[in-house]
Amino acid sequence: MTIHPVVIQGNPVLHRRAAEVTDFNDELRTLIADMHETNTAANGAGLAAPQIGIGLRVFVYAMDNEDGVAPQGVLVNPSLVTGKVSGNSPDPDDEAEGCLSVPGYHFPLKRAEWVRISGYDGFGEKIEFEATGWFARCMQHEYDHLDGKLYVDKLVDRYKRKARRVAKEHGWGVPGLSWMPGVDPDPFGH
Ligand SMILES: [Zn+2]
């Protein structure tokens, strides 16, 4: 297994729709194993294939949950049904989200409290479950990656401006930037 560099906001693969997986083969299973290893090294809650530069509809997660779902898993070619997203202002303390491709920052974002997700594992076996709370948030965040959307793209104006400012400060928003889990300092201080 191989730990891969995590690409940063601005890399085109993060900003376009990822392709469906068509072959459930060893290559896919190696990708999944590498993604788990990379996510673990990055202390991530989830990692989508585009975040390691691979434009395929695959994500892994590692999150304890109250939904009776395995705390670590993969979704290939997922479909997502979400509950309603509240129109209230996001809570900066309780709803602050982060992303390995926007390293070191958290910005609050409203998400649905409930989702149903279905997809496949690396062998093409069907997976389906419901998720609530932070686990539901994780599913929405990772799913968005497969559609080329980062959470910073969905922020309300005030936080979107902040996120743009930090991106500019770091020189992000251009292709070719990445960081290496387990080598570079943990951007979230874990
Ligand atoms: Zn992310």
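Placed from the backbone N, Cα and C atoms, the Cβ positions cover glycine too.
According to TrEMBL, the protein carries these features:
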- Glu142: active site (ACT_SITE)
- Cys99, His141, His145: Fe cation binding site (BINDING)
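For His145 (Fe cation binding site), the count of additional Cβ atoms within 10 Å of its Cβ stands at 25 [all protein chains shown].
Rounded to a whole value, the Cα-Cα separation of Glu142 (active site) and Cys99 (Fe cation binding site) is 9 Å. For His141 (Fe cation binding site), the number of other Cβ atoms no farther than 10 Å from its own Cβ, over all displayed protein chains, is 23. Spatially close to Cys99 (Fe cation binding site) yet at least six residues away along the chain are His141, Leu150, Tyr151, Val152, judged by Cβ distances under 8 angstroms. The residues near the Fe cation site, meaning same-chain residues not in Cys99, His141, His145 whose C-beta sits within 8 angstroms of the mean position of the site's C-beta atoms, are Gly46, Ala48, Gln51, Glu97, Leu100, Ser101, Glu142, Asp144, Leu150, Tyr151, in sequence order.
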